[in-house]
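**Student:** Before we start, here is the structure in question, set down as C-alpha cells.
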Amino acid sequence: MPSVMEKPSAGSGILSRSRAKTVPNGGQPHSEDDSSEEEHSHDSMIRVGTNYQAVIPECKPESPARYSNKELKGMLVWSPNHCVSDAKLDKYIAMAKEKHGYNIEQALGMLLWHKHDVEKSLADLANFTPFPDEWTVEDKVLFEQAFGFHGKCFQRIQQMLPDKLIPSLVKYYYSWKKTRSRTSVMDRQARRLGGRKDKEDSDELEEGRGGVSEGEPDPADPKREPLPSRPLNARPGPGKKEVQVSQYRHHPLRTRRRPPKGMYLSPEGLTAVSGSPDLANLTLRGLDSQLISLKRQVQSMKQTNSSLRQALEGGIDPLRPPEANTKFNSRWTTDEQLLAVQAIRRYGKDFGAIAEVIGNKTLTQVKTFFVSYRRRFNLEEVLQEWEAEQDGAPGAPVPMEEARRGAPLPAPALEEDDEVQITSVSTSVPRSVPPAPPPPPPPTSLSQPPPLLRPPLPTAPTLLRQPPPLQQGRFLQPRLAPNQPPPPLIRPALAAPRHSARPGPQPPPTLIGTPLEPPAPSL
C-alpha cells in the first residue's frame, strides 16, 4: 500500500485547464502558478501509515498518576459540622472580617484547618496575613493589557499576574466585561469623526487614483517604472494572491486625527502644559473642580425641580377657600334683614344677586321679604334712591306706565289712601246742610297731597256704596256704578307737581257734580 495517495478533486481540473490555456499564450507558465499548484496538491493529500498515527497510552483508571499532571488542584475550604452552631459561626466570621481583615472563604478555611475549633482558629488568625482579593489600579491595567494580548487564555494572563488565581481572574473578567459597553460621549464622538475622516480620505484617494492609469507611469516621477501588464485572456488560478502594497499607504490625511467636538488644542496651552510637570496636574485639578461644581449645580437644580413638581402634583385644592355647606333657612335674623336692605340699595330688584349676597336664602324667600318688609324698612324709598343713581337724576318719579303695570306706589300715598277709606266709612255728612266752602288749606309740603272734601253718603244701600273719592292727580280712578252719577269732587287749588299728571297752572277749587238731594230719614 503506498504511503501517499493523491485525492482527485475539482481543483486539479481547474488547474489543468488554466495551465493549458496559459501555455500557448505565454510559452511557459509562470512560476507562481506552479507553486500554487504544488501547495494545493500538498494540501489535498491523505496521509496513511504508522508515521502519521497518534500514540494512545493504555487506560489506567485507578492509577494515582492520572491527576499528577494537573497544575491546579482543588482544595477543600469548608465543610459544615454540627458541633458549631450558626450563631457561633456568624460571630466568628464577623470577628475575622472586622478585626483581622479575612473574607468569609479565608475565615472558614482557617476554621476547617483547626478541625472546627473556634478558639484555636481565633488565636491563629493573627499569625497569618490574609491574601488580598482586592484589585488595585495596576492590577486592572495589567489585566486589560494581558487580555488584549492573549484574549480569554487565563493561563497566560496569570503569568502576567502571578499573585492572582485563575478563579479570581475569571470572576474579575465577568465583572469587567459589563463595563466595557459603557462608552463616554467623547469616545463616541471620536469614533464618528474618525469614520467621517476615513471616508473623506478614501474619496480623496479614489480621486487621486483616477488621474493616473494603472499601467502608465506617473509623469511627475520619471524614475518610476511602469507596472507589468497582464494579458487580457489570462485568468488567475486558485493560488495565493500577492498582496500589493499601495503607494498611498502612508497618507498624511489618514494618520491625522482631530480631538472630539468641543475640545481645542492651542500652541499656548501645549507649551504651558509641557513647560513644567506640575502644571499639567494643576490644570487637570482645576478642570476637575469645575466639573464637580457643575455637577453640584445640576444636582441642586434637579432637587429644585423635583420639589416644584411635587408642589404642583398637590394641586390648588389646599389654597381654595372652604365651601360652606349652608342650608336654606326661611327665618330672617336681624343681621340678614339689614344685609338684605343694603343689598336692595345696591342691586335694586335683582333678587337673584340679593340671594347670592345673603347666602342662605332662595329667590322666592327674598321676594317674600321684599313684599312683607316693604313698609317696615321703607324699601320704596330705597328703590327710588337706587333708580335715581341708575338714571343719574335724584328723586326721579315713577313713570305712569310702570304704575299702570302694577308698580308699587310710595309709602305716604298708600297711607293717605288708607286714611281716606277709614274716614269715609266712619263719618257721614247730612244731605240737608249745604256744603260749606272749604277752609283755606294749610301750608303743605311737596311730599303730602292737599286735603280732600268728605262727600255725603249716597242713598243707596251700604253694600252698593261707592269707593271714597280721590284727587284728580291720583293714578287709581274710581269705579262708577251703571245707574248712579259720580260723587261730587273738589278740584285742588295747589297740587304738587310730583303728583300731577299734566303740568301747567290750575284754577281755584270748585265743586263738580249735581245738587244734593234731601237726606233720607235716618234709622
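Just so you know, glycine gets a Cβ as well, placed from its N, Cα and C.
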**Student:** Which of the listed positions, Ser35, Ser445, does Swiss-Prot note as phosphoserine?
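**Tutor:** Comparing Ser35, Ser445 with the record, Swiss-Prot tags Ser35 as phosphoserine.
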**Student:** What residues elsewhere in the chain lie close to the coiled coil (283-314), defined as a C-beta under 8 angstroms and at least 6 residues from its ends?
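**Tutor:** Answer is 272-273.
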**Student:** Calculate the per-residue pLDDT averaged over the coiled coil (283-314) and state the result as an integer.
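**Tutor:** In the predicted model, the coiled coil (283-314) has a mean pLDDT of 89.
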**Student:** List the residues of the same chain that sit at least 6 positions away from Lys88 (SUMO2 cross-link) in sequence and have their Cβ under 8 Å from its Cβ, in sequence order, or write 'none'.
**Tutor:** Val118
